Amino acid sequence: NILQFRKMIQCANKGSRAAWHYLDYGCYCGPGGRGTPVDELDRCCKIHDDCYIEAGKDGCYPKLTWYSWDCTGDAPTCNPKSKCKDFVCACDAAAAKCFAKAPYNKANWNIDTKTRCK
């Protein structure tokens with residue numbers, strides 16, 4: 001679920017960067033996505049997009065699926081409930097952890113995707 005994902009990001013990065021900073025970053029962070037990721041953070045977003053696609057193949061609706069999770073320290077932890085919820089939660093938790101580890105390059109925010117994402 002998009003709202004829960006936002007909170008997971010805040011958990012993993014200890015509130016150092018707001019979730020909206022990732023909405024228009026690189027070629028894959030935010031709606032859509034194409035081309036070659038511009039950096040490590042953008043690769044995190046592509047992996048997350050691909051994970052959501054896989055979840056959708058199983059009949060899940062990742063952007064709308066509510067799941068159970070906890071923030072333990074700086075690690076989002078999923079609480080098992082069902083296959084669909086667990087899958088989506090795992091997608092979001094992995095992405096949030098990836099975001100927290102990847103450098104944020106301000107030059108890759110709000111880029112011209114038509115020219116840079118081929």
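Quick reminder: no glycine exception, Cβ is built from N, Cα and C everywhere.
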From Asp49, Asp50, the one annotated by Swiss-Prot with Tyr28, Gly30, Gly32 for Ca(2+): Asp49
Candidates Cys27, Cys29 - disulfide partner of Cys117 as recorded in Swiss-Prot: Cys27
Cys51: disulphide-linked cysteine among Cys84, Cys89, Cys91 [source: Swiss-Prot]: Cys91
Integer Cα-Cα distance in angstrom, Cys29 (disulfide bond) to His48 (active site): 9
Neighbours of Tyr28, Gly30, Gly32, Asp49 excl. site residues, C-beta within 8 Å of centre, Ca(2+): Cys27, Cys29, Pro31, Gly33, Cys45, Lys46
Candidates Gly30, Gly32: member of the binding-site residues with the richest Cβ shell (10 Å): Gly30
Inter-residue C-alpha distance, Cys11 (disulfide bond) and Cys91 (disulfide bond) (nearest angstrom): 15
Neighbour tally for Asp49 (Ca(2+) binding site), based on other Cβ positions within 10 Å of its Cβ: 19
